[in-house]
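Structure first, then comments.
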Amino acid sequence: MQDVLILLTSWTHVLLAPYTKVEESFNLHATHDVLFYGVFPNALHNYDHFTFPGAVPRTFIGSILLAWLSTPFIHLSTLLRGVGPNKLEIQIIIRLVLSTLTSLSLIFLRHTISRRFGKRTALFFTLLTCSQFHLPFWMGRTVPNMFAFGPVTIALALLISKPSQKCTSTAFTLLTFSATTFRAELVLLLAPLALHALLTRQITFGRLVKVGLAAGLASIGLTILIDTYLWQTPHPLWPELYGIYFNVLQGKSAEWGTSPLHTYITTHLPKLLLSSLPLALLALFTDPRVRGVLWPTMAFIGAMSLLGHKEWRFVAYVVPVWNIAGARGCVWMYVSPFFCFLFGFFVRAFLSFLSVHSFAFRRYSSFFPTAFLSKSGGLSCTWVPSWNVAGARGCVWMVSRRKGTLLGRLSFLFVMLLILTNILITTLLTTASMANYPGGHALALLHSLHSLALTKQAPHVHICNLAAQTGASLFSQINSPPFLPSSPLDLKERNEWWTYNKIENLSLEYLTSKEAGFTHLITESHFNPTTESEWKLAGVINGFERWTVDWPSLTGTGRKGELSRRFWAVLNMVQVERLWIYERVGWTGRWT
């Protein structure tokens, strides 16, 4: 059941926030191009990275693997529905596959924790991991860090499990592959882990060197072979080496901002770990095994702190290890009635969250097997009663047992408060994130206004920079080629398709001129009154701005009502206008 909970948590975040942002664009669009065009030489000129190459080249290895692994599930969706999924649904399938792979690495780690530290620690590890926001939310997002996260987590699990030399060698093979292929900063994690393995005699120095050289040379050869071909460079290309040269030696990463030395410790780790942080610090002083697990990650964070440009994604690999420490802290403070109560409460809260946002499942339920869906489009809940019974029995056990000493009661309350705080913060952040992809919502609204089957003149849409960065990916361009062989025939056999244009730095005068030929504009600015005579507003997209507290509702001095009603009215999401959709006056695209 714990494994299912990890998997469902990652899937839930994908379905609630199906759109993507600019950080994910290279790997997402590379996966798109591999799927739709293939990898043969005559297809490479269609690839998006030649038009939008980014600051530094990235490897195609992860995207190729993801495209190939997603293909059977795309075919399965076609078989179940009788027609192929559209592009946006394919994007969701791809992200679900990636989140599944990442979840499997965490599940493998959880089983290792159960063997090494006990089942109780494994349970608290699951609760802490699933109640956090950043890691579950990003597990299905196509950033290089998440491609590296799975192999790194498996490697950490192998090193934690009192491994044989064979397991240790496998772990360092995975770490070396990830560092040379996906993210070069992993070298700074590999080094302290190697030192720890040598000090604890998990591996000999000679074997470590042999494994490192073999894995390193093989990985370098693979990435040079694949990426030189797909980037079509005249010289051998090793993307991560180029990234080191660009970001570290030339110092260009500072152009994206620099942060103080302490940022990872004072900002990013607390944000990533939430309540795991104080619990992990408690375990650091009470459990010698935790100290042995944590110090390589602490060395990694210290080394990463020396670099000026800092992002939480760069140290996301340490989150599972610190969650192990947090779980050990929970066990140390553990009071028996708390166990069943919290597990039952967490499951109940998780199911309630799914039901509240069931519209997301109904929206995308068309390409999922009907065996897992109810007639209303939501998830089938035939297993809910058994979970409710478990939660209820846990509550009964809690109230029927003695709480023990005063210290036991305080420990019970403290740990419960920390994990419930996790759930509350994650709920707020997830809700805000769902409203933080205006580009994806803008294209969805435009498609709903003008169905492809009801237009006689294909629209020519310009997508502004903000829209392109907040969800308007190639997968969102559902009314233009390329199409898969399983796509609907009426879509593939049309003579005219929509044109989507993302060219940057075009002036407003040019965009609105007849010379440009645009029929629709997704823009991040209002039009002036002169321009409005030629263009009409077709839609406005709001985006998340901030949360506000309704103090009168909190204190009960404002609107009257039950306490529960006032509680849910305390926090209000403030949204502001982010994007505007304009349509040229006189456009005759609709059939009349």
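Cβ atoms here come from the backbone N, Cα and C positions, even for glycine.
Please treat TrEMBL annotations as automatic predictions, because they have not gone through curation.
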Quick check on the annotations: TrEMBL lists transmembrane segment for one of 145-161, 315-331. Which range is it? 145-161
Looking only at the recorded stretches 60-80, 92-109, 145-161, 410-429, which one has the largest tally of CB-CB distances under 8 Å to the transmembrane segment (211-231)? 60-80
Cβ pairs under 8 Å only, please: of the recorded stretches 92-109, 145-161, 410-429, which one is richest in them relative to the transmembrane segment (60-80)? 92-109
Contact call for the transmembrane segment (145-161) against the transmembrane segment (92-109), three or more Cβ pairs under 8 Å: yes
Checking distant contacts: for the transmembrane segment (92-109), what same-chain residues at least six beyond its ends satisfy Cβ-Cβ under 8 A? 3, 6-7, 9-11, 13-15, 18, 20, 28, 31, 66-67, 69-70, 73-74, 77, 85, 125, 129, 139-142, 146-147, 149-151, 153-154, 156-157, 160, 320, 364, 367
